[in-house]
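Here it is, the structure in full.
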Amino acid sequence: MAEDDTYLGAHEQMFHLDPLTHTIFNPELFQPEMPLPTADGPYLQILEQPKQRGFRFRYVCEGPSHGGLPGASSEKNKKSYPQVKICNYVGPAKVIVQLVTNGKNIHLHAHSLVGKHCEDGICTVTAGPKDMVVGFANLGILHVTKKKVFETLEARMTEACTKGYNPGLLVHPDLAYLQAEGGGDRQLTDREKEIIRQAALQQTKEMDLSVVRLMFTAFLPDSTGSFTRRLEPVVSDAIYDSKAPNASNLKIVRMDRTAGCVTGGEEIYLLCDKVQKDDIQIRFYEEEENGGIWEGFGDFSPTDVHRQFAIVFKTPKYKDVNITKPASVFVQLRRKSDLETSEPKPFLYYPEIKDKEEVQRKRQKLMPNFSDSFGGGSGAGAGGGGMFGSGGGGGGAGSTGPGYGFPHYGFPTYGGITFHPGTTKSNAGMKHGTIDTPSKNDSEGCGKNVDREAVNLSGKVTEPTEQDKESSMGVDEVTLTYTVGIKEENSRFQDNLFLEKAMQLAKRHANALFDYAVTGDVKMLLAVQRHLTAVQDENGDSVLHLAIIHLHAQLVRDLLEVTSGLISDDIINMRNDLYQTPLHLAVITKQEAVVDDLLRAGADLSLLDRLGNSVLHLAAKEGQDKILSILLKHKKAALLMDHPNGEGLNAIHIAVMSNSMPCLLLLVAAGADVNAQERKSGRTALHLAVEHDNISLAGCLLLEGDAHVDSTTYDGTTPLHIAAGRGSTRLAALLKAAGADPLVENFEPLYDLDDSWEKDGEDEGVVPGTTPLDMATNWQVFDILNGKPYEPEFTSDDLLAQGDMKQLTEDAKLQLYKLLEIPDPDKNWATLAQKLGLGILNNAFRLSPAPSKTLMDNYEVSGGTIKELVEALRQMGYTEAIEVIQAAFCAPETAAPSPGKGAPQTLSLPLSSASTRSPVDEVRDDSICDSGVETSFRKLSFTESLTSGSSLLTLNKAPHEYGQEGPIEGKI
C-alpha cells in the first residue's frame, strides 16, 4: 500500500522507543497527529481529530447528548467523526478509547465516555480483519459532578490497572509493570490500591473539568488469541466543554465607543461572549511598517467583569501621545491561559485635545490693532478724517453714523457698534443684542413712518409714466403727491432723530474721555459703556469672559465695580457657548484673586457648565486647593459639596481621581460625604483610591474621613474585593488593618449558574457570591486576608540605612526645634510635617511636650534624609532653617584644615534647586505621601510612640466607625 510505504519510510528516521515516558506525552513536545511507530511494526495513527470546540459535556440528569462528538472537518451537510487507523497490520484488533487530561503530564480524566460500545467510561471497538480504519460515530462525554471526581477517578484508575490499560502512564509510573492479561482481570495488592488512592487524591486537586482529550490504544492478538499486544497509544487534540468560560470562542459583540484619546484612561463598556474574569485580557495592538508590533492592555480588575458577558475597562495610553492625526489600531479579547484571541475590531486613537475649555484658542485670537480705530475710510463709502474727522462717507462696517470710527467685532450693529436692548432687563443667556429690526410701535407711530429703503422705493413708485399721466384721474395725482410728501417728511425726521442721539452719545464719550484724562481712572471710560458689557461675541463671551481669559485681573475688578447695581447680576453669571460663567473661567485659569472678586460681587456658585461640573468639580480636577478653599467658604458651597456632575461624580471623587491630597483634605474638613456613591456603579471615594492604587489617599479617607471600609458598589463589591483582585498587598493590608471583612460576598456568582446541574438533583440553596478571599490573585494577598502580618520587601535595617539625619549635630537640631516652634503657620513644625509626608500624625505630635522634636525624631527613625528635609524647608521658604543645616556641615571642615594644603574646605550639601524640580515632583511631594500612610509603607517607619513607644501605624478606631463589630485594631 502506497500510504503504508510513507509511514514505513519514516521508520528509519525515528528513534527506537523505550517504554512510554512522561516526556513523550508532554503535549508541548508530542504531536498527536504524528504516528508513533515501533521499529518496522504496526502503529496507531489518528486520521481525523475530534472537533475541539462547540461540543457540550452533559450531566447525568440532562440525558444523552444529541448527536455524537463530531470530527474536526465535520460540516452541517457533511458529518464526520473521529477516526484512527492501525498501520502496517491487517487482522483482528481491539481499540480502546479513554478520556485523559490536558495537562503537561497525561492522566486519566474523571469524565466518562458514553454511547455505543462504551462501558464504565471506556469505549471498546473491534477492528479488522480487513478494514483497519475505526470510526467513533456516537461518542458522548458525561460530565462528572465536582463532589464525585475523587470517587469516579479512583474507580477508573482501578479498572485501568486491573485490565492493563496504560496504568504506568495514566495512573502512576510505579504501576507500569501491570499489563493486559489474557485470563481476565487481575487482583490488586494493598500497596497498589494505596498508590491508586494517593494518585486519585492528588489528581483530583489539579483536574480541569472543562477540557479532555481522547487517548486511543490498540491491542493485537497474541499466540493464544488474547488481545495483550499493546501498541503505543496516541492522544487527540483537546476537546473543550462548550459551556465552560475558558472553552468558548472569544468574540466582541458590542462596544459603546470605538475611539479614544491617545492619553488613554477613557472608560469603555464591552459586551462579549462568555469569558472567565481572571483569564481574560483586552489587547490593543498596531502592526508597524518595520514589522514590529505595538501592544497595550486595557485596565480592569476581575470586579469589572460582569457575569462573564460584559467588561468595563479603561483604554491604554498610545505609544505616541504627540500624534497630530488619528491613528488606527485594533482591539481584541485574549485569553491568558492559551493566548487564544478574538477577531480584532478597529479602534481609533485621536490626538489629545489639550484645550478642552478653549481658553488657549481664545488667547491666541488676533488682538485688535490700535490703528484700526482711526480713519473711517474703510467703511462702506466712508472717507478719511480720523475718529471725529469730517470725511463724508456713510455709516458702514467700519464707522458709526456719518463719521465716527470704532473697531468692529463682528456684531450686528449700526456701523460696527452694538447697543444691547433693554439692558436693565437683559437676560444672562442672551447673545448678540441687536436693534436692526424696527419695533411694532415704531412702525405704527409718528404718522406711520417707514425706513429709508421704503422712502426710496416709494419715490420710485411715485414717478408716473406718460401713459399713467394720461390715464390717471386728478384725485389719484393729489393722493400720490400727498403720500410722497408725508414719507419725505418722516424720513427727514428719522435722520434728525438719529443724528441727535448720536451727538448725545458722542458728548457722553467725550466727557468720559476728559474725566479719564484728569483722573487717570479707566473706570471713567468704562462707566459710559457699562450697558455694552452684556454684548457677546461669536463664542458667546462677554467682556468679562474675555478679561478673565486674558488674565486681566484689574480690568475684571474695574468692570465689576462700574456694573455694580445696574446689570451686574446678569453679566456676572452670563454663560458663553460652552456654558461657562466668568466664575468657571476664573477657576479654570487658576486666578484666586478673580475668584474672590467674583464671589464678592455676587457670582452664582451653583451654575454648572456643559458637562454638569460646578466650580467645586473644576477646582478639584485642577488640584487648586487655594481656590477650593475660597469656594468652600461661600454659603452655597454646602449645597454643592455632594452634587454629582454629568458623569455622576462628586467633587470628592474627582479629588481622588486627580490625586489631590490637599483638595481631599479640604473637602473632608468641609463636611463632604466620604461615603457618597458615584452614579454609574456606586463606587465611593475609597473604591476609587483603591482602583488607582493610591494608598496615601485611601489612608486619608480611612483615618481622617472615617470612610466606611466595607462600603459596597451596586453589585456588592467592597474596596477589599478590588484590592484582592488587583493583587495589591499594601492596600489589602491597609484595609484589613482598618477592619475590612474578607468574607463579604458580592453579587457576582462564585461559579457559573449553569453548573447547577452538578448538584445532581440535590438542593443546595442559592449560588454563593464572590468574596475577597476568592478573588485573591497571589499568595501574599491571600495570606494577608487570612490574618498574616504584612511583610515589606525590605528589612528595617536596609531602610534605616538610607537615612542620614544622624549626621546633624545636636546643636543644629536644637536650633531647628526652636525655629519650628514659632507660631507662623507657614513655617512651623505642622507645615513641615505635611511636606515630609507625616501630616497624618500632627494630632499626635500636638500631644507631645515638644512637637518639633517629636516630629524630627520620627522623621529620623523612618529613614528620612537631609536632602528631603532641606527640600521641604525650601518649599516652605524657610531660609533660616536651611542655613542652620548648611552651617552644621560647614563648621567642622572650617575648623580642621585639609591635610596637605592647609586651606579650609567646605562640604557641599546635596541640595536640589527648587528651580530644577518638575511639577510632577511637586505633586508627588504634596499629594502622594501627604497622608503619612504611604510614608509608613515606603519607609517602614518604626516610629516611637509618642507615649509608649509602640509601632508606627496603628489604626485605632471604634468598631462602628469602620462598619465592623469586634476588635479591629490592626498593625502594619
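Start at 1 and count along the chain as shown; that gives each residue its number.
Just so it is clear, glycine is given a Cβ too, placed from its N, Cα and C backbone atoms.
Feature list, courtesy of Swiss-Prot:
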COMPBIAS  439-454  compositional bias 'Basic and acidic residues'
COMPBIAS  905-918  compositional bias 'Polar residues'
MOD_RES   CYS61  S-nitrosocysteine
MOD_RES   SER337  phosphoserine
MOD_RES   LYS431  N6-acetyllysine
MOD_RES   LYS440  N6-acetyllysine
MOD_RES   ASN675  (3S)-3-hydroxyasparagine
MOD_RES   SER756  phosphoserine
MOD_RES   SER908  phosphoserine
MOD_RES   SER912  phosphoserine
MOD_RES   SER927  phosphoserine
MOD_RES   SER931  phosphoserine
MOD_RES   SER936  phosphoserine
MOD_RES   SER941  phosphoserine
REPEAT    539-568  repeat 'ANK 1'
REPEAT    611-640  repeat 'ANK 3'
REPEAT    647-676  repeat 'ANK 4'
REPEAT    681-711  repeat 'ANK 5'
REPEAT    715-744  repeat 'ANK 6'
MOTIF     360-365  motif 'Nuclear localization signal'
Hey, what's the Cβ neighbour count for SER337 (phosphoserine) at 10 Å?
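Other Cβ atoms within 10 Å of SER337 (phosphoserine): 11.
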Of all the modified residues here, CYS61, ASN675, which one's CB has the most other CB atoms within 10 A?
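When each Cβ's neighbours within 10 Å are tallied, ASN675 tops the list.
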Which whole-number value in Å describes the distance between the Cα atoms of SER337 (phosphoserine) and the residue listed as 'S-nitrosocysteine'?
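The residue listed as 'S-nitrosocysteine' has its Cα 31 Å from the Cα of SER337 (phosphoserine).
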Check ASN675 ((3S)-3-hydroxyasparagine) against DSSP and tell me helix, strand or coil, would you?
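Note: ASN675 ((3S)-3-hydroxyasparagine) is coil by DSSP, not helix or strand.
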Would you list the DSSP helix, strand and coil counts for the residues of the motif 'Nuclear localization signal' (360-365)?
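Summed over the motif 'Nuclear localization signal' (360-365), the classes give 4 helix, 0 strand, 2 coil.
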Between ASN675 ((3S)-3-hydroxyasparagine) and CYS61 (S-nitrosocysteine), how many Å separate their Cα atoms?
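Spelling it out, the Cα of ASN675 ((3S)-3-hydroxyasparagine) and the Cα of CYS61 (S-nitrosocysteine) are 47 Å apart.
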Just to be sure I understand, if DSSP states are collapsed into helix, strand and coil, how many residues of the repeat 'ANK 3' (611-640) fall in each?
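Reading the DSSP string over the repeat 'ANK 3' (611-640) gives 20 helix, 0 strand, 10 coil.
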